[in-house]
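Engineer: Have a look at this one before I ask anything.
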Amino acid sequence: MEIIKEISKMKEISKLWKRKGYKISFVPTMGFLHEAHLALVRKAKELGDKTVVSIFVNPLQFGPKEDFREYPRDLERDLTLLEREKVDVVFIPETEEMYPSDFQTYVEVTKLTTGLCGAFRPGHFKGVTTVVLKLFNIINPDIAIFGEKDYQQLQVIKQMVKDLNLDIEIVAHPTVRENDGLAMSSRNIYLSTEERKSATVLYKALLLAKELINKGERDSQNLKNKLEEFIHSFPYTKVQYIEFVDPLTLEPVKKIEKPVLCALAVFVGKARLIDNMLINLE
Ligand code: PAF
């Protein structure tokens, strides 16, 4: 496994691979890897001839009051895990090389980013699309894998790829969960033992939404009220949003008549956790 820091070196290797006709698959990450990242890596290995994983905690996608500084980092452990997966290249650029002092170009998907997390994290998706496009340009992958836990991010990236005519296949990977249903996330490390117990409420709330819809509830406001009450019955929780949206446009749905995405953002202690579920009508 090769560890590359310089953008020019990464571009060189990728060009060489392309000349040899290799299919490059790519998994972008912010490090502090867990089983869900490794599942994406395994998928990438299955789909491509050469696999690149990037580790870069992207300052552009954090708001001024968010956890950029505290975001968990453990490069040594990450590299051990990736070596075990037989990744070909780990790309770890320096912030100064990604964003030199005269950096001034951004890419923004406008509509899909207005609701859900976008409503509470201004500039977040602009930071995500800008860094992901830069990584795509540097690595030049044929395939890139994203997890469905960050459902809005996945849709936003797909839209960017479509709008900007990028020749990259975006592959969605299902959310990987702990045994008790909690979606795996690097931010779960922020949870105390007691908060960790409460954190299972996100998945339980999604299952409750599914059950209520299957029993005939079609009014999303009624569903939101019931879910909010349920979530707040668990200690340390504070709902940021509960939304029922169209799975493609992410527009809010008032009356549920076709498959709907239920998406949640909940603070458990200081950890802001998100989760979602696509609910089909039975
Ligand atoms: O999902 C993430 O970890 C990040 O948003 C990504 C895609 C690596 C961009 O920084």
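Here the Cβ of each residue, glycine as well, is placed from N, Cα and C on the backbone.
As annotated in TrEMBL:
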- His37: active site, proton donor (ACT_SITE)
- 30-37, 147-150, Val176, 184-187: ATP binding site (BINDING)
- Gln61, Gln153: (R)-pantoate binding site (BINDING)
- Gln61: beta-alanine binding site (BINDING)
Engineer: Least buried of the binding-site residues Ala36, Val176, going by other Cβ atoms within 10 Å?
Structural biologist: Val176
Engineer: Within the chain of Ser186 (ATP binding site), which residues six or more apart in sequence place their C-beta under 8 angstroms from its C-beta?
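Structural biologist: The answer is Met30, Gly31, Phe32, Leu33, His34, Tyr71, Pro72.
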Engineer: Could you give the Cα-Cα distance between Gln61 ((R)-pantoate binding site) and Glu148 (ATP binding site), in whole Å?
Structural biologist: 18
Engineer: Whole-number Å only: compute the distance from the Cα of Ala36 (ATP binding site) to the Cα of Gln153 ((R)-pantoate binding site).
Structural biologist: 16
Engineer: Given the binding-site residues Gln61, Gln153, and counting only Cβ atoms in the protein chains shown, which has the most within 10 Å of its Cβ?
Structural biologist: Gln153
Engineer: Among the binding-site residues Glu148, Gln153, Val176, which ones place their C-alpha within 10 angstroms of the C-alpha of the residue listed as 'active site, proton donor'?
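Structural biologist: Those close enough are Val176.
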